[in-house]
Amino acid sequence: MRRLSSWRKMATAEKQKHDGRVKIGHYILGDTLGVGTFGKVKVGKHELTGHKVAVKILNRQKIRSLDVVGKIRREIQNLKLFRHPHIIKLYQVISTPSDIFMVMEYVSGGELFDYICKNGRLDEKESRRLFQQILSGVDYCHRHMVVHRDLKPENVLLDAHMNAKIADFGLSNMMSDGEFLRTSCGSPNYAAPEVISGRLYAGPEVDIWSSGVILYALLCGTLPFDDDHVPTLFKKICDGIFYTPQYLNPSVISLLKHMLQVDPMKRATIKDIREHEWFKQDLPKYLFPEDPSYSSTMIDDEALKEVCEKFECSEEEVLSCLYNRNHQDPLAVAYHLIIDNRRIMNEAKDFYLATSPPDSFLDDHHLTRPHPERVPFLVAETPRARHTLDELNPQKSKHQGVRKAKWHLGIRSQSRPNDIMAEVCRAIKQLDYEWKVVNPYYLRVRRKNPVTSTFSKMSLQLYQVDSRTYLLDFRSIDDEITEAKSGTATPQRSGSISNYRSCQRSDSDAEAQGKPSEVSLTSSVTSLDSSPVDVAPRPGSHTIEFFEMCANLIKILAQ
């Protein structure tokens, strides 16, 4: 689950009413499609042409609070350049003093997730067609140094002709390697073993694993790794053993096993998949066009000029990046994007101009078991640019670094905040966990392992989602020692372990102070408990122990 910022009022100077609806630029905003970290996604309609778009609204205050201004400014320009038939396009960015509106491609077919839930598994031919489209989009972004890291059927949309469109490319670029699990609010069913175990990973290989899970879902209508008990689910993923129905083609089984290799070094690459016999069958040429742009020594003058105009830089800067083969530099990425866009538009012209849909989904099979529950949300993209969003930071202050985002696992409630925290304290006491009250809505909890005598630690924090709903967020704090040493927190000596009455009393005092309801119920934690901490490495899996604590607590609270 995610921490949701309050929906703030936007400046009236840039926003107008149109027949009772909000108008941004030439777009009239309609219903809300989803809610994400920085704001909402709404459907929009161009007042002149009538074309529908999806408008993602990024809240400026939320962006500043997460210290990602620089990342968003540098990435938006390149995401605007992304032009691939199977990736959701970003058309325009409109700014107001309080919000940023990203005008994106709207598709009417809904999520692939919903389609599978409604219709069940697809036949092999249709599964291959959609998987080829998805992998083409993944390959396109990997070649331009962007990794998705949260691929799943919820992030694959379907257009009116039942073609796949990948959404939310670019989100992961605002996060450091190895940190994405703590920021992801999606289901862990699609996560690679190295992600859920907290090991470092380069990036592309986790997209391969997730693509393999999607392929399995297309073919079988279920997931290869699934369990209601999260620790058991994690064990299944890390073991990499999954059931293969008898109706599956042996050729596709071999591909699935190669893509779902636990060892990332043995896992299939995109090149391996493209060379697989099952994948190559009926493969449209436009999905993987020849790519001479990287090996060519010739410079495209038109592309060079366009990069200079968009980034307000000199030709020498761009040429320096190209000649030094610094492909990760935003200037080089933009140059190659422009080259690729031109080539793909030429080679896929028939695709863009097609007026008749491909063969419809004709499979009559249905889901044999329900899909894992998910939280409905849309994640805000974070593309690269140099000048598009300078107004985000008029003082152009330098940030000290990206604040570490948190992964949210929790439960929702419509009870009063003090009642929620009182029940939490009772549950903790019943489980014989130890806890400390950091503030009325933030607890730090630990459990002693009777076998190893080591402690598993977690934090519980309450947030307000909307006017009636609250989110109790669970977070592992096994990294507290590292944070303290790195200076991200100021350790102070802990007092005695807090009891239930202190939690309830503090909560009542906080309510009496009249805290504003539109923000989270507590401020950021700035100190850590330094009472006897375990500096020595602990055996076993911290992640599994954390989820066991979560499961035990949720079980008590649900009684």
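Glycine residues also receive a Cβ, built from the backbone N, Cα and C atoms like all the rest.
What Swiss-Prot says about this protein:
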ACT_SITE  D150  active site, proton acceptor
BINDING   L33, G34, V35, G36, T37, F38, G39, K40, V41, K56  ATP binding site
COMPBIAS  485-505  compositional bias 'Polar residues'
COMPBIAS  516-535  compositional bias 'Low complexity'
DOMAIN    27-279  domain 'Protein kinase'
MOD_RES   T32  phosphothreonine
MOD_RES   T183  phosphothreonine
MOD_RES   T269  phosphothreonine
MOD_RES   S356  phosphoserine
MOD_RES   T368  phosphothreonine
MOD_RES   T382  phosphothreonine
MOD_RES   S397  phosphoserine
MOD_RES   S467  phosphoserine
MOD_RES   S486  phosphoserine
MOD_RES   T488  phosphothreonine
MOD_RES   T490  phosphothreonine
MOD_RES   S508  phosphoserine
REGION    302-381  region 'AIS'
REGION    484-536  region 'Disordered'
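Feature map: Swiss-Prot annotations on the structure.
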{"residue": "T32", "record": "phosphothreonine", "Cβ within 10 Å": "13"}
{"residue": "L33", "record": "ATP binding site", "Cβ within 10 Å": "15"}
{"residue": "V35", "record": "ATP binding site", "Cβ within 10 Å": "20"}
{"residue": "G39", "record": "ATP binding site", "Cβ within 10 Å": "25"}
{"residue": "V41", "record": "ATP binding site", "Cβ within 10 Å": "21"}
{"residue": "D150", "record": "active site, proton acceptor", "Cβ within 10 Å": "25"}
{"residue": "T269", "record": "phosphothreonine", "Cβ within 10 Å": "14"}
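When secondary structure is read from DSSP and collapsed to three states, D150 (active site, proton acceptor) falls in the coil class. According to DSSP, G39 (ATP binding site) sits in a coil region rather than a helix or strand. Distance from the CA of V41 (ATP binding site) to the CA of T32 (phosphothreonine) is 6 Å. A mean pLDDT of 59 is what the model gives for the region 'AIS' (302-381). The residue listed as 'active site, proton acceptor' and G39 (ATP binding site) are 19 Å apart (CA-CA, integer value). In this structure the C-alpha atoms belonging to V35 (ATP binding site) and the residue listed as 'active site, proton acceptor' are separated by 17 Å. Distance from the CA of the residue listed as 'active site, proton acceptor' to the CA of V41 (ATP binding site) is 18 Å.
Here T269 (phosphothreonine) is positioned 17 angstrom away from the residue listed as 'active site, proton acceptor', judged by their C-alpha atoms. For L33 (ATP binding site) paired with T269 (phosphothreonine), the C-alpha to C-alpha distance reads 34 Å.
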